[in-house]
Every structure is written in C-alpha cells, then in structure tokens.
Amino acid sequence: ENLQGDSGRGYYLEMLIGTPPQALNILVDTGSSNFAVAGVPDPDVTSYFNPELSSTYRSEGIEVTVKYSQGSWTGVLGTDVITMPKGLYGSYTINIATILESENFFLPGVKWHGILGLAYNALAKPSSSVETFFDSLVRQAKIPNVFSLQMCGAGLPVSGSGTNGGSLVLGGIEPSLYTGDIWYTPIKEEWYYQVEILKLEVGGQNLQLDCREYNADKAIVDSGTTLLRLPEKVFSAVVQAIAHTSLIQEFSSGFWTGSQLACWDRTEKPWSLFPKLSIYLRDENSSRSFRISILPQLYIQPILVIGDNLQCYRFGISSSTNALVIGATVMEGFYVIFDRAQRRVGFAVSPCAEADGSPVSEIEGPFTTADVASNCVASVSFHEPALWIASYALMSLCGIILLVLIVLLLIPPRCQHRYTDNDVVNDESSLVRHRWK
C-alpha cells in the first residue's frame, strides 16, 4: 500500500531524492522510460527538487525532451541517490531529469511532482543508453527483473480526494494482492509493454473485426494513460455495440466522445444499464487465449456531483489514432505483473476491484485461438529506434555517394570523357531531403 491517487490523475509513490533527502510524489507510468522531477517552481506543483541543495547530485549537462500523448517537458539529465520510504530498503543512484520547462504536463489538482517511467530503455530519452530507473534497481539491489502493480479506484470518483490506495511491488509478486490464478500473455516487443489482442466482446458478443485492427499499430499496457483507448475503427464498433446492448434508448453522442457527461439521480446506479466488456489476450501457449473483463463500474466513471441529487458520469473509453492502450480504466480491475525476466505480462483479479461489495472484473480461460489469425501483430513496428537506424543508414549511403562524387570531380581532366556534338547531356538534378524525428 505505497501508492495514492485516482484514475483521473494517476497513482503516485513517495520518494526521497538527494542528500539531505527531498520528499516528492512520483507518478507511476509503465508507458514511458524516463525518471523526471520538477526542477523549478511551477504553478501546478506544490513541491520540486532543488539540485543545488543536494550534495550528491551530479549534472550530466545533457538536455532531454520527452513528449507524451498529452503534454511534454524539457529538462537536464543528472544523477542522484533515491530512497523509497515504502519500497526497497537502501539508497540507489539513479538517472534523474530535472524538468525546467513543461507544457500541459503538470495539471491543476495533481498531487505528484514527477514521473517514474517503468517501460524499457528503448523509449528512454535522449537515447536508449540512458539506464532506466528499474534497470538501475535490478542491477544495484540485485532484485528479480519483475515488478507488479495494483491500483484501487474501482467505482470511485475519477478525480476525487486523490487518496485511493494501491501497491507497486518492485522485484516480485505479492500473493495478498490477487485472487485466483495469474494469466500471462507474451510481451511482443520490448519498448512499451506491447501485447497481442485477439478479439473484443461487448455483452458477450464478438465485435467480429479482423484481429489486426485491435493491434493497430500496437497494443500496450500503460498505467500512465487514464482511459481504455481504442483504435478508431474498434472504438466506433465498441460504441455502437454498447449503445445497442445498453438499456438506454437514446443517448447523446457527446457522451461517447467525452465532451458531455451523463447524470442520474444519486439514488440510482446506472451501471446495471450497460454491458460488460471483454478483451481476449493470447496465452503463453499460442494456441490458447484468456479474457479479462471489466464491468460498467470501471468504464462508466463517476466524476461530478451536481447539487444534492445528481451524480454525473463520464465514458472511460476513447479513440486513438495509433494504439490500443490498456490504461487505468482497465488496470484498476486487476493486479498486473510486468515479468520482464520472462518477457510476459500477467493479469489476476484484484480483491480491491469491487463496488458495493461485488467484483467488477473477471478473468476466464483458456479458450482456443482457432478462430483468429496465428499472428495479429504487424511484423514490422516502425517505432523510434527503428527510424533512427534507418536514418543513420540513409545518411551513411548519402555520405558514400558524396565521397564518390568528390573523387570523380578531382580526377584530372585528361581522364574525363570529352563530349562531341552528338552527345546528349542531361544536366537535371534532384535533391532528396531525408527527414527524421
């Protein structure tokens, strides 16, 4: 129970940074790889890390910029020691970016002052050579290369008191944080925690989409994303299925797109009006699958009370242009194990995933995968490291061509071909500009 927060603004861990220690709350994010803290005062931040007050801080003098689906920041890379009051014993030297400028990153009402990126070093900025926080812990504390996460906010207001509980277990699995069996799905690629989605069901009915639609262009498990995000085609199919299956005859389109809330009398619980949503993941045995299901208590989310009588809710699912993201909307129903050692992500039912005393999440399996393709993930992932490699290859090729041209220009005139009136000389040239991120 070392986490606090809510699904609307994230779950955070208290950390002591520097010598003497400065206490900060750090957002737990499995969808990025940098450890960064506010390094200067900010209107939306109650505390920040002052490296000048730490005798153990060492600046690398390297500027780093990280962009997220919402917001960005720029800072300077350095190192310092950290301890966790409710975590591993001991002090560890970690790469830390001090945030000097940010845009839409720190938001009003958030109670955290930095971000703990727990994804792979392939996503680390400015390059993958920056050792991540968790890699540093594994190396220095000699713990297993596994961590696990439980976020307890099911059925609670998404932006409430910000004191919902949760647990981040570094180096293993805590049996008291789950019930039943753990079901594992392989990590398809080690950058984000990319997994393979086989199909979706709404109210027990298969959406009947090509399984590659669910993985366009990736499917990831990301605690730093608030909602369940779906590729546009999948999102449209889910909304249509929920609207068709629900017991509500007419519903404003603004509710589905996130621009409007839906309100009911506080004595009513609207969750009985909506169907459950199931996500099928490929099992470690590729011929099998299992499904994780969330009840409406997780995706029809209380957010606002109006007057004495009305409770308003938002739709906890949104569309995405480039990924299916299993965010906090789903993760609050489960204990999630990030088993990096065996390259797999595990799901088990969380005992804190309850509303009014009833479970709001389920795991079932195994099921056969005979009705889906043998591979639902694109064979080539054009993510940033690959783009960098391609860019360097093109630059090298251009360099070789340029070198050859220079040599040819330096060849003495007597060795060059002398044109006659019958020769056709085409002096057109084109310039190809290679651009990369």
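Here the Cβ of each residue, glycine as well, is placed from N, Cα and C on the backbone.
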TrEMBL annotation: Cys376 disulfide-bonded to which of Cys152, Cys211?
Cys211
Cys312 (disulfide bond) and Cys376 (disulfide bond), distance between Cα atoms, whole Å:
38
Quick check for the class: what is the C-alpha distance, in angstrom and rounded, between Cys312 (disulfide bond) and Asn285 (N-linked glycosylation site)?
43
Candidate nearest Asn285 (N-linked glycosylation site) in space, where candidates are the recorded positions Asp29, Cys152, Asp222, Cys352 and distance is Cα-Cα:
Asp222
Let me know the model's mean pLDDT on the domain 'Peptidase A1' (11-348).
93
Disulfide-bonded residues near Asp29 (active site), in sequence order, restricted to Cys152, Cys211, Cys263, Cys352 and a 10 Å Cα cut-off:
none
